[in-house]
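Colleague: Just passing along the structure, written as structure tokens.
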Amino acid sequence: MKTIYILNGPNLNLLGKRQPEIYGYETLEDVEKLCRAACAEGFDVKLMQSNHEGQLIDWIHEAREAACGIVMNPGAFTHTSIAILDALNAFEGPVMEVHISQVHKRESFRHHSYVSMRADGVIAGLGLEGYAAGTRRVCQLA
Ligand code: DHK
């Protein structure tokens with residue numbers, strides 16, 4: 001069984017509760033179910049969330065041995081973190097970047113992504129479906 005890491009950055013623990021007009025009412029548990037259902041045979045997902053940059057980096061390092069691909073919503077670290085970009089550059093499998101909202105329609109500080117310099121695909125504005133699409137794509141590439 002190949003494992004896909006579904007990594008979530010800051011504030012996504014509040015998914016379903018914070019700014020539902022932007023992020024919707026569904027939760028990270030729903031994300032996990034959607035991703036599992038999107039997996040091709042022989043793949044499974046492990047979903048993790050942290051509000052801490054270092055923890056996310058440690059999980060990316062762990063993925064080097066434990067995961068065949070990564071679907072990541074880095075939250076606001078998308079726009080700030082060279083350290084997460086460096087960690088992803090040290091991971092050899094496919095990486096899909098997911099944003100629930102259409103970040104390019106929002107504030108200009110959300111238009112730049114460090115993670116996009118590494119990601120094999122970028123999905124924004126599809127709601128939670130973006131995670132499922134990212135998972136399907138990792139199954140194709142891994
Ligand atoms: C989630 C966040 O928390 C924001 O900081 C990003 C992203 C957008 C999303 O759309 O999932 O700017």
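Any Cβ shown, glycine's included, is placed from N, Cα and C.
Predicted automatically and left uncurated, TrEMBL annotations should be read as such.
According to TrEMBL:
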SITE      Arg18  site 'Transition state stabilizer'
ACT_SITE  Tyr23  active site, proton acceptor
BINDING   Asn73, His79, Asp86, Ile100, Ser101, Arg110  substrate binding site
ACT_SITE  His99  active site, proton donor
Colleague: Fill in the CA-CA distance, His99 (active site, proton donor) to Arg110 (substrate binding site), as an integer in Å.
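Modeller: Cα-Cα distance, His99 (active site, proton donor) to Arg110 (substrate binding site): 10 Å.
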Colleague: Near His79 (substrate binding site), which residues of its own chain have a C-beta under 8 A away, given they sit six or more steps off in sequence?
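Modeller: Result: Phe109, Arg110, His112, Ser113, Tyr114.
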Colleague: Hey, does DSSP put His79 (substrate binding site) in a helix, a strand, or just coil?
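Modeller: In the DSSP reduction, His79 (substrate binding site) maps to helix.
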Colleague: Across the listed substrate-binding residues, Asn73, His79, Asp86, Ile100, Ser101, Arg110, what is the farthest Cα to Cα distance, given in whole Å?
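Modeller: If we measure all Cα pairs in Asn73, His79, Asp86, Ile100, Ser101, Arg110, the largest is 24 Å.
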Colleague: Return only the integer: C-alpha distance in Å from Ser101 (substrate binding site) to the residue listed as 'active site, proton acceptor'.
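Modeller: One finds 7 Å between the Cα atoms of these residues.
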Colleague: For the recorded positions Arg18, Asp86, Ser101, which sit with their CB under 6 angstroms from an atom of ligand 1?
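Modeller: If the test is a Cβ under 6 Å from any atom of ligand 1, the answer is Ser101.
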Colleague: By CA distance, which of the binding-site residues (Asn73, Asp86, Ile100) lies nearest to Tyr23 (active site, proton acceptor)?
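Modeller: Minimum Cα distance from Tyr23 (active site, proton acceptor) across Asn73, Asp86, Ile100 lands on Ile100.
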Colleague: Around the C-beta of Ser101 (substrate binding site), how many further C-beta atoms are within 10 angstroms, looking at every protein chain?
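Modeller: Around Ser101 (substrate binding site), other Cβ atoms within 10 Å: 17.
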Colleague: Expressed to the nearest Å, what is the distance separating Ile100 (substrate binding site) and Arg18 (site 'Transition state stabilizer') at their Cα atoms?
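Modeller: Computed Cα spacing between Ile100 (substrate binding site) and Arg18 (site 'Transition state stabilizer') is 13 Å.
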